[in-house]
Ligand code: NAD
C-alpha cells in the first residue's frame, strides 16, 4: 500500500452495473463527467455501463447525453468535452440472472480491460453476491480489481453479514468499497479538517467542555415515489444506520495517526463499538419514532405518509435518540440524534453546545450569559458558526448588556472560485485510485447494524408504533420531552 493509502494502480476501466438506473443518471455519470472535464481521468480510461435494459452503446450514449444536459450546469459543460466523454462510454446489456447474457458481459469486460478494473454495483443489493460470483467464475475478480457497493448493505445485521459474506467470497475486504455518499461531501471531510487541522478546538472537544451534541439530518421531502422501498426501511435504516452514524463517528472519534484508510476507519469503529446499547428498559425515555401526517412544508400543503403510500403503515419517517458514547472523552455527554422526512426545514448539521462559564461576573447586572456553541452545517449550505457572547454596544450605565453573536464562516463565500462538486466525484476518484479512506469497512457496517437492531427489537418488544407529527414540523411532541427532561432543547 502506498503512503496515500492506494492499494493498486488507478483503474483504467470502470464497469457500472445498473447504469440505466436512477442513481447512475442523476449522480454517477454526471460525476464521472466532472472528473473527465477536469482532466482527472487517464486518456485510456473507459467506462462500461451494463444493465438489463436492451440498449446498444449508441443509445446508451444518447441517454447519458440527456442526463448531462439535465444535471450538469451549462457553465460546466461544453459540446467538445461532452463528445469526448461519451466516446469513453460503452454499453453491454446483461441480466445477471441469465448465464448467457452474463457470459457476453464478461467477454466484453475482457475485451475492454487494459489494466485495473473498478466494478460499481448500483443495482438492488440482492444482486451483489451473484454479480461477484459471475466475475469470480470468469477470472475477472483477482488482483487489480475492486468493487464498490451502494447502500443499503442489508436490512439488519444478519442480512448485512449475508451480503458481505457473498461479496467477500470473491473480493477480499481490502478491495471492497462500500459507499456512504455523505463521506464524499466536502462539508463532511471539512469536519475532519476543522477538528484535526486546528489546534483551537481539540482541547475543548470532550466531556469536560461539551455539554451536549446534537446531530440532525432533516429532509423536507416525503417519499417521492420510493414508497415501497422506504416502507420496508424507515428512517432508522434509511438514514440513521449509515449517514447519521457516520457523522457521529467523525464528530466523536479520536485523532487518527494519519489520514489513511486503516487509521481513520479504526477510529470510527471504536466510536461505533462505544455506543451504549439502548436496552428495552431505556427505549421509552431515549427514543422517539414518528410518522408524518398531512401538513404544510414551505407554505405548500402536502399529504400524510399513509396517503402518499396508499395504505396503512407503521413505518417510522422520523427517529430521535438520546445516545451515549461510553469512553473517556465523551462520558456523560448526551448525543441527541434525529432524522426525519417532511421536517420544517432541510438541514444537516452538527451542534456542539459548550458548558456554561463556571461563574458569571455579569449576574448582578442581570445579563444572561449563554453557553458557547459550534454549529457545523453541511446542508443546505456549508457553514461553520461559532456562537460567542458579545457586549451590546452602548454606555450601559446600569451594567453591561450582552448578546450572543455568531462568528460565521460561510465556506461558499470563502472559496467562491471552487466548483461545488458532487459527492460521487470524490468517491469515484478515490475508488479509481484504490483509496478506501472515505468508504465504509465491513466491521463498521455490521457494528452499526448491531446497535440499530437493538433499538428496533426494543420497539418491537414494547409494541411501539410511531407517534404522528404534522408535515412541516420538527417531529412529534415527545421528541421535545426527550431533550427537555434533561434540561436541553433541540436547535430549531
Ligand atoms: P433503479 O431501480 O433506478 O435501477 C436499477 C438498475 O439495475 C437498472 O439499471 C436496471 O436495469 C438494473 N437491473 C435490475 N435488475 C437487473 C438484473 N436482473 N440484471 C442486471 N441489471 C438489472 O435503482 P437506483 O435508484 O438507481 O438504485 C441503485 C442502487 O443504488 C440500489 O442499491 C439503491 O439502493 C442504491 N441507492 C440509490 C439511491 C438513489 O437516489 N436512487 C440513493 C442511495 C442508494
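Even glycines carry a Cβ here, placed using N, Cα and C.
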One of 52, 61, 195 listed by TrEMBL as binding NADP(+) at the site of 95, 96, 151: 52
Residue in 156, 165, 238, 326 which TrEMBL records at the substrate site where 181, 185, 219, 341 also bind: 238
PLDDT averaged over the residues of the domain 'Glucose-6-phosphate dehydrogenase NAD-binding' (15-190): 96
Cβ contacts of residue 219 (substrate binding site) (under 8 Å, same chain, 6 or more positions away): 339, 340, 341, 342, 343, 346
Residue from 52, 151, 181, 185 whose C-alpha is spatially nearest that of residue 243 (active site, proton acceptor), among the binding-site residues: 181
Candidate with the highest Cβ count within 10 Å, taken from the binding-site residues 95, 238: 238
Cβ under 6 Å from ligand 1: qualifying recorded positions of 52, 151, 181, 238, 243: 52, 151
Lowest local Cβ density among 52, 181, 185, 243, 341, which the record lists as recorded positions, within 10 Å: 52
